[in-house]
Every structure is written in C-alpha cells, then in structure tokens.
Amino acid sequence: MVRSSAKDSPEIEINVHTTPAPSTQSHPPDQNHHPHEEWQPWLVPAIFIINVILFILSMYINNCPAHSRSCIGLQTLHRFAFEHIHENPLLGPSTSTLLKMGALDANKVIIEGQKWRIFTCMWLHAGVFHIFTNMLSLLSVGIRLEQEFGFAKIGFLYIVSGIGGSLLSSLFIRKSISVGASGALFGLLGAMLSELLTNWATYANKLAALTLLVLMILMNLLVGILPHVDNFAHIGGFITGFFLGFILLARPQLDWIVPPGYYGHPMKPQYKLYQHILIVISVIALFAM
C-alpha cells in the first residue's frame, strides 16, 4: 500500500512486496481420493489487466507536461511522462491525481462520507515499481488459488480482504492517502495459511508446506518494518483473508469421497469436527470486526 504523507507533500511511501512463491500441495495416496477439479483461471489475469489499464489511465489523467517542466521521460512518453523523482520516486502520477481517482483518504471517508474510496484505492498504484511488485505477487499467489478453488471464492476473498485492509488503514492512518492492492494480496496469503491448517490431512508434506508458507508470510510482513510503509493495510487484509479461508477453502475428508459403483452413504461425514469449529469461530470473528 502506497502512502503520501500529505496532500501537498511530494513524498510517496510504498510497500515493496517480495514475490510469494506458490505453495506446493501434494495429496497422500488414497484409493478413494479423486483429484480435485482444476479450474481454468481467468479472474486473476483479468484483475491484472484492470490494474495495468487503470495505471495507464492515471498517467493519462496526470498529464505531467501540463503542469511541470521536470517530467521524467517527457520526450518519449509525452503526456504519459512520470512526475519528477522528488514528487514521486516510484515513477508514477502525482498525489493529487491519485486522490482525484479514488485514493484512500481517511478524512474524506469519515468526514465527507466518501466510502467508495475504501474500494477504489485497491485498484490504483503509485508507480511502475509499485504495480510491478504487486502484480507479480498477484500472479504468483492468485493463479494457484483460482486453479484450486475457482474464481467465485477467490474473487470474493480478494475484494473483501482489500476492503478489510482499507478499513484498518483508515482507522490508523489519518494524515496521508493510500493506494495499492496490498491488503487484497495479504488476504490471499492469509487464506493460504488457513487453507493449509483446515485441510491439514490432505497434505503429504505437512511441515515442509507449513514452513514454506510461514516464511513467505514473514518475508512479506517484514517489509512493514521499513520506513514509510502502511502496514495497517497488510494486517487488515491478512486477518480478513485468514478467517475467510477457513470458511471458503475447507475441503472434504479424503475418504469421504465415494468411489465409483458404491451407492451407500459415506462412512464418514463430509467435514471433520475441527473444520466446523474453525468455520464457526471465523464467522464470529468476521462479524466482530
């Protein structure tokens, strides 16, 4: 999530994501286990395209040459030239342009009632470096999740996590504006963790999968220690995605699946008791938030 510390200040703050590697899930051999249907991902690529188009649109609206003589790449990019590095070190539009297009501003949300900014800010990016790192994270994490769980669940998880990140950010960040998909991306990471925990029995290499995922999450969260980073959006998105993962991504037990030619009732319930408990706890936690 990018933050500009004041509307009239040239300083831009960014969270730089390390690129999360997709977790590897391997199921233990089981004669009654049928491989889960793999979805053809289209939503995550669509989100990628929308973000890129909106960044290009923000550069067009910004029109740096119209108000500055110190644009970067003016002779080559013309209207799409970047703001001077003192205005935006990430190679992007001005703070005022981002605010005009829907950046998160807590004062405008709370005082002026512009609640739509909680949603629109997650589709904007402050610069080339910002959108590059975020979209790399989106593709590396989102594609795998959409292949396994489908566009409806992952799309809902992405949007709600982004809103959760924006809400927490607006509660604690009052003197700056924020843009970026960080909250939504951390929601996907949180959902990956809860998916691993609730579907623990389906993983063959449990400790290896858990270690890899925890390291991935810690690497991304450690970015929040850097100066000028809005870590509240990360935390809000992660918590939201973590609880949603228990609700949306639980899988049936391996031996619940009925083999071909068997017409009786499954010998075991579809979901284990602890999965039901985690779902109930997650629903309560989300409503409490």
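Using N, Cα and C of the backbone, Cβ positions are placed for all residues, glycine too.
TrEMBL: automatically predicted annotations, no manual curation.
Note that this is a predicted model, so its numbers are computed, not measured.
In TrEMBL this protein carries:
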type     : residues : note
COMPBIAS : 1-10     : compositional bias 'Basic and acidic residues'
COMPBIAS : 16-29    : compositional bias 'Polar residues'
DOMAIN   : 113-250  : domain 'Peptidase S54 rhomboid'
REGION   : 1-35     : region 'Disordered'
TRANSMEM : 42-61    : transmembrane segment
TRANSMEM : 122-143  : transmembrane segment
TRANSMEM : 155-173  : transmembrane segment
TRANSMEM : 179-200  : transmembrane segment
TRANSMEM : 207-226  : transmembrane segment
TRANSMEM : 232-250  : transmembrane segment
TRANSMEM : 271-288  : transmembrane segment
Can you work out the mean pLDDT of the predicted model over the domain 'Peptidase S54 rhomboid' (113-250)? 89
Per DSSP, how many helix, strand and coil residues does the domain 'Peptidase S54 rhomboid' (113-250) have? 109 helix, 3 strand, 26 coil
Can you work out which residues elsewhere in the same chain, 6+ from the ends of the transmembrane segment (155-173), have a Cβ less than 8 Å from its Cβ atoms? 1, 3, 43, 47, 104, 106, 109-110, 117-119, 121-122, 142, 145, 181-184, 186-188, 190-191, 230, 232-241, 244-245, 248, 289
Other same-chain positions with a Cβ less than 8 Å from the transmembrane segment (179-200) and lying at least 6 residues past its termini are 1-2, 14-15, 17, 20, 23, 51, 98, 103-104, 121-126, 130, 134, 137-138, 141-142, 145, 154, 157-166, 168-169, 206, 209-210, 213-214, 216-217, 220, 230, 233-246, 248-251, 274-275, 278, 282
